[in-house]
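Presented below is the structure to which this report refers.
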Amino acid sequence: MKLVESRNVNNVSSFKEALINPNAPEGGLYSPLNLPIFEGEKYANLSYKDFALKLIESFGFGEEELFKKALKSYESFDDKNTPISLQKISEKTYINELWHGPTRAFKDMALQPFGVLLSEFSKDKNILIICATSGDTGPATLKSFENAKNVKVACMYPKGGTSGVQELQMRALDKDNLKVFAIDEDFDAAQRTLKELLFSKDFQNKIKALNYELCAANSVNFGRILFQIIYHYYASLKLFNEFLEEVQIIVPSGNFGNALGAFYAKKMGAKISKIKIASNVNNILSEFFNHGVYDLREKSLKKTISPAMDILISSNIERLLFAKFKDKRTKELMNLLKNERYFKLEKEELQSLQEDFEADFCTDEECMQFIKQSKILIDPHTATCFKMLDPLKPSIITSTAEWTKFTPSMIKALYDRDSKNEKEDLKFIAKEFNVQVKDEILALFDLKNSDEKVFEAKNIKKEILDWMQK
């Protein structure tokens, strides 16, 4: 199978080419023209990795041995046989814990195998990966490539726009081939800077002159999305076989890559009735799915206790528009968003979206109540899902990060006090709930304090080039 650009299907790429160079010619995103139908029921008794391989094979990308090698990266997770953990919390509700990898976030589910693929595909060349993060993509990308000999990673994040642990994770991974840039603006500015760099001919030429090729590890890269389809299909199949009913999946959403994986799984044959999109007060997605309007004109980003969802420009909405309305309409809508900062769907288009999606948002106060009421420890992003839970229907709550990355918010929610010592409070919560904390998380608090430089987003191009030439 070839991938096509969301704004012009005549622009075609192989999976390998799109993985190494995700920049489509007209500014769109490489996507499947038609998703394959995957009869997952035939493979319900396979291990997660074997099931994943069968699903990937349905795309017809080839490279079976390489995908096998990539999936072996899951052996570094808590359970080397099954990277996800489905936890039953009530009669018909499960939590799908996707954070049992090395950086304790769902991004490991895609970025660990993605790192293997990219390293193998680019053995004979040097790669510079640039990424923008609102908290989870950064640590997961850096971790995935920390030992890569021919890959460098430059990672941007908004200073003050991630949790303390997420920032420490990135600082701990600041090695010779890895560079972290804190910027003075929000995540949307970081993501905008990323896209400008990816499409800058001048920047590309300067990177080529240094004998490197430019790549991105954000979910603009279809190589990320592919691995996110698998866990939604796998988990929904487990619940369908238990309840013999289609399953609702609730996904905390920011950049929409995770929810897109659920949508693709549904279209490939997974027994999913509805995908419920949970947002925080940056509720651009709930407005979009409820009213068919994407309106940035009066919006400003609000900081919340779920920082990975503090996003207004959800990149993967473009892939959804393409899957629903094809390339010409997608290009029209994305140009409107770029030029007018606004677009509105037709009534029939909104109805088409609502066949698959529902959406709502959660305030910080509501999130903290859900954390307090939960019988197990859930992080603030996972907590946004509980507002949309229908306990009478088979449901999967998608848990995207371990609570250990958000101790100050957890302390406030559980005990109604401020955190004065994050490491001690983390250990206190773990003891109260009788859970183990990874040594790697605790060790982060022993990093030496340093006055980290904060860069202006407009200067990042120069800063990356200066670092590359050292």
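The first residue you see is number 1, and the count goes up from there.
Glycine too: its Cβ is placed from the backbone N, Cα and C atoms.
Per TrEMBL, the features are:
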- 6-72: domain 'Threonine synthase N-terminal' (DOMAIN)
- 81-321: domain 'Tryptophan synthase beta chain-like PALP' (DOMAIN)
- LYS107: N6-(pyridoxal phosphate)lysine (MOD_RES)
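Averaged across the domain 'Tryptophan synthase beta chain-like PALP' (81-321), the predicted model reaches a pLDDT of 95. Across the domain 'Threonine synthase N-terminal' (6-72), DSSP helix (H, G, I), strand (E, B) and coil residues number 29 helix, 9 strand, 29 coil. Around the residue listed as 'N6-(pyridoxal phosphate)lysine', the same-chain residues at least 6 positions away in sequence with a Cβ under 8 Å from its Cβ are ASP136, THR137, PRO139, ALA140, THR141.
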